[in-house]
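Listed features, source TrEMBL:
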DOMAIN    A:58-365  domain 'Ammonium transporter AmtB-like'
TRANSMEM  A:12-33  transmembrane segment
TRANSMEM  A:64-83  transmembrane segment
TRANSMEM  A:95-115  transmembrane segment
TRANSMEM  A:127-146  transmembrane segment
TRANSMEM  A:153-174  transmembrane segment
TRANSMEM  A:186-204  transmembrane segment
TRANSMEM  A:216-236  transmembrane segment
TRANSMEM  A:256-276  transmembrane segment
TRANSMEM  A:283-301  transmembrane segment
TRANSMEM  A:307-328  transmembrane segment
Amino acid sequence: MSGHATSLRLKLPAICFLLQLLTIILFAVYVRYDEETSANLWHQKLRHHNGSNLDNDFYFRYPSFQDVHTMIFIGFGFLMTFLKRYGFSSVAFNFLIAAFAIQWSTLIQGFLHSFHNGKIHVGIESMINADFCSGAILISFGAVLGKTSPVQLLLMTLLEVTLFGINEYILLILLCYQAKDAGGSMTIHTFGAYFGLTVSRLLYRPHLNKSRQREGSVYHSDLFAMIGTIYLWLFWPSFNSAVTAHGDDQHRTVLNTYFSLAASTLATFAISSLINGEGKLDMVHIQNAALAGGVVVGTSAEMMLTPFGAMIAGFLAGTISTLGFKFITPILDSKLKIQDTCGVHNLHGLPGVLGALLGALVAGLATQDVYGDGLPITLKYWPQPLPKGGTLFIPPPVYFPPGGILKMSFLASPPDTQCFEDQIYWEVRLDLGTL
Amino acid sequence: MSGHATSLRLKLPAICFLLQLLTIILFAVYVRYDEETSANLWHQKLRHHNGSNLDNDFYFRYPSFQDVHTMIFIGFGFLMTFLKRYGFSSVAFNFLIAAFAIQWSTLIQGFLHSFHNGKIHVGIESMINADFCSGAILISFGAVLGKTSPVQLLLMTLLEVTLFGINEYILLILLCYQAKDAGGSMTIHTFGAYFGLTVSRLLYRPHLNKSRQREGSVYHSDLFAMIGTIYLWLFWPSFNSAVTAHGDDQHRTVLNTYFSLAASTLATFAISSLINGEGKLDMVHIQNAALAGGVVVGTSAEMMLTPFGAMIAGFLAGTISTLGFKFITPILDSKLKIQDTCGVHNLHGLPGVLGALLGALVAGLATQDVYGDGLPITLKYWPQPLPKGGTLFIPPPVYFPPGGILKMSFLASPPDTQCFEDQIYWEVRLDLGTL
Amino acid sequence: MSGHATSLRLKLPAICFLLQLLTIILFAVYVRYDEETSANLWHQKLRHHNGSNLDNDFYFRYPSFQDVHTMIFIGFGFLMTFLKRYGFSSVAFNFLIAAFAIQWSTLIQGFLHSFHNGKIHVGIESMINADFCSGAILISFGAVLGKTSPVQLLLMTLLEVTLFGINEYILLILLCYQAKDAGGSMTIHTFGAYFGLTVSRLLYRPHLNKSRQREGSVYHSDLFAMIGTIYLWLFWPSFNSAVTAHGDDQHRTVLNTYFSLAASTLATFAISSLINGEGKLDMVHIQNAALAGGVVVGTSAEMMLTPFGAMIAGFLAGTISTLGFKFITPILDSKLKIQDTCGVHNLHGLPGVLGALLGALVAGLATQDVYGDGLPITLKYWPQPLPKGGTLFIPPPVYFPPGGILKMSFLASPPDTQCFEDQIYWEVRLDLGTL
């Protein structure tokens, strides 16, 4: 019976306990406070450098971190509540997998990027990077939304976080020595989107039409989704700037992202009403494409992109993203058998690729005249812009083996008739039949 | 047919493209990174002053900016979702016009306030000021909510942002040399309210009763509106302090606003239950009048208002605002032909005027004894408090010509029978008939 | 008639006016700007110490304050909107009592903790502490939610804030000289929970079954509640660190709380599905027990708890809290006549007690080797961990006399047939009968 097969009773506790136990053991062995969070090390540092407690990086990164944190848990979580009967699962599975992803990615990123003397040292920067990685996982979640159990999602998180770390390592360390992608156009958005689309392809459901009547929104669910949209939009400047260099870099990243987002919003409203037969606006576009301005400057916002350059980028991204929802999503489904519930290809995939190319372009145009003394700081990381743009398309086939694991039959996946439905995983007090 | 006349198909794309294109061109010609966002200029400054990247004003203004940003897009946006069938338009048109207003006001305020060597220089302060200006636009939006198309609203934004800049220039530069109104009791709230009321008067609809059945709330729409209310209330201390001087000024502004808001909340609950025939509370009052404590100290919160002075101001503002909803709004409608959908006269108009008078009073009472060395910094800007109070009432007639432009017939305005209705501008998936 | 007895018409205005008037008078006599908010004092300090305006503590505490402020008004307010017909009262009474609590606790905490030369000096730290105290009141509100009028709640706030100050004074000053409990495991969570449960016991309603049909959620009300949950979860690191010492202390508190919350989230999902007969998840658990990780490290997060230690604590707290909802809440009701609407015993009571014991344990294990120069700063406040753990259980009987005052018959309390019902206190525009 489908009721039995989707029961979480033993499966979800088992995977939660195992993953949390494994994490705790690895943390006990490998994870330590860093120089800014350890009582001992920080006070040594203060003594040796005659420093002040107010120099602790906490004061210069924590507000940005909290904005990113809000994007991950409120922004992504509520953005996905647009489905009429899947609000509990959207916001709560988002909560669950992000809560695991931040723990697991602290380990994976620690092993790959900051493993010194056999230990991983944690503090505000590791927290931001862990939240960033969970953003990629949630993008992938958007592609498979409504068609996966929380057991599958936790397993996907385990695998994807690991691949995210490896992909980042290859892209930023091996291929382009010390390249940076602060807002993650490539490492977060492009990776998260194409990983999610690959998984969605592997889990292709030929009979999804049996659940299509639940794959839309109702009036109030679209308003809940707007909470997610607006928070993502508001805090995207913090997302792109959270780990850029202190000073003008962080300040400029915020400014560029702010203008890019404003322009992508106007583009989205324009294109949404233009492509609608009756001259009406579509909430799906506003909820998603207006954010493309944040994605597209993820790589380049820390550079001297200029405010009008940011606006042009944002306007193009909003346009392309809205067109994608109208014209590309149906083709992905019918021709490529990729069922992309939230349209992550339009919001994160296309604008992410565009953002990587833009980053390469702006890096290529950098001159000493424009950057002054700021040049070495900003651009020493950009020696090989073109290969970097090129590496974007390598990963997807690599995702097949891990993605395939998610097809295993005992993972409480919903049947084709019960997709986009909270009642199979939740005690729902109101009969939802009327929605 | 009304369906045809309200189609956004060509009109909305046309105005969005034109405005965004114009903005991009003007930005390309005039807008440059300022000393704190330009790689070149910032590193020059660091070299010449032996400074640190952590001295960048980003770290001291950005958290305040993000609070203001949240008020503009979440606060105003959700506050207006109280209407039962106008939630999409409320939050999304708010989003659209604010996204344009922040771009356009960067130009207008730049030309009028910070035009140096033929260029406008942008950074965190220009971002805060642009958000402030968009606050005034959204106040006006509240007055005409449900009765205007997005095309009209973008045109209104274009005109009002321009007038906002001129009004601010006249008030703060010409009339009162270097006067300041950090929290905008005058420049934002009073201006925004009376501009909006003027536009509402010009667009007077004698047959609005055909849409009155939709001019109320339903249970869940009032809860969405409370998201807006609470965020506005929480972050008002940041709004009033975002551009005040660093140090005690900013700190004191926050503290005064916090106490004023707390007192206006108690006043609102008290008066709301007092004036209701059955002794019940009214959500409209709680959603709006509780915020009057923030408006009323907009000018004076940076002064030595004293905590109990802030409480008295807040208590009076909450009282007057609640009474205004009960007794003045119906008179404005029936006698003056001003249909004020959100009651902005009660939340922003009256408390704004009161706040200007309070600012003049507290400035007049300032002594060296109370301010010490802080006197010149705080009060050199307040040499002519009374004329400033007096200028409040000059603007409204000036708004007639620009407001009149909005009456043009091809702007996709809703017919009298279709006001407060999302379905004319939006693809609405659920039949809203039952709400 | 019950309609008459619950009318707020004279009672609510009377108590609001009296309390606000009393507060304003006491503020006028006793409350002054502190050294960082007074123009005079701050500029004296700058002159004497050659300081900078950017050293004002505003810049190092205000972002944390705003996070706490959001938890109090959005977090607690929306968490309690889960009831199907009590959303207005939940978010708005939360608003009212917190607005009064922050004023009254500024006075009480000022008299007991920072009364110098006959004056209370206020600034960002007093604001944070006032918000903390209001958190305890809102925890108690959760226990009596739906069964009390706003008049009763304001009276409860008056009494509880006063007792909160005395309890904190006894616990942290008298019993354990200079003990600290920065995140309030004891002073806020344990106190708030047991005070609320005591009041709920005193107001026991034997015929509450007449209102039980309204004591549940509907689909959308559970989503509103998740807004509250997620914001509480996101900003709990700021709550626990808001008043810890600057530098590594604040940074480490944030990090430990972040990991503890992540682990308690996995535990909650695991146990929720394990104890449900059909293997489904329960929104009540996710909304509440996932937060237990924040409560449990309230005392110990500033210590060298280690990241994996924080995870173990969070995992245990999430487990115990979820089990409490399933097994203890029904027993409290049936055996002890304690009707705990929100289950505050499970979220704040049990994890608070556990957190106090954990604090004593971690303090007892502290060594010079682990803390280095940071030891005196962190641990000089922890000389008597065990008595402190023991004082937890002293207060409840003390709450009886003040709690009993709330039983007075003229306080507009709802009848047993009208509990959990907005319509007795609110103008409700939609007939709620169908919910």
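Every residue gets a Cβ built from N, Cα and C, even glycine.
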Message: Are there residues at least six beyond either end of the transmembrane segment (A:64-83) with Cβ under 8 Å to its Cβ atoms? List them, or say none.
response: 90-91, 94-95, 98, 124, 127-128, 131-132, 134-135, 138-139, 141-142, 145-146, 214-217, 221-222, 224-225, 227-229, 231-232, 234-236, 238-239, 241-242, 250, 283-284, 287-288, 341-342, 420
Query: Are the transmembrane segment (A:256-276) and the transmembrane segment (A:153-174) close, by which I mean at least 3 Cβ pairs under 8 Å that are 6+ residues apart in sequence?
result: no
- request: With pairs restricted to those 6 or more apart in sequence, evaluate whether the transmembrane segment (A:127-146) and the transmembrane segment (A:307-328) have 3+ C-beta pairs under 8 Å.
  value: no
Task: Using Cβ atoms only, state whether the transmembrane segment (A:186-204) and the transmembrane segment (A:216-236) have three or more pairs under 8 Å that are 6 or more apart in sequence.
output: no
Field: Contact ranking winner - A:12-33, A:95-115, A:153-174, A:283-301, A:307-328 against the transmembrane segment (A:216-236), Cβ under 8 Å
entry: A:283-301
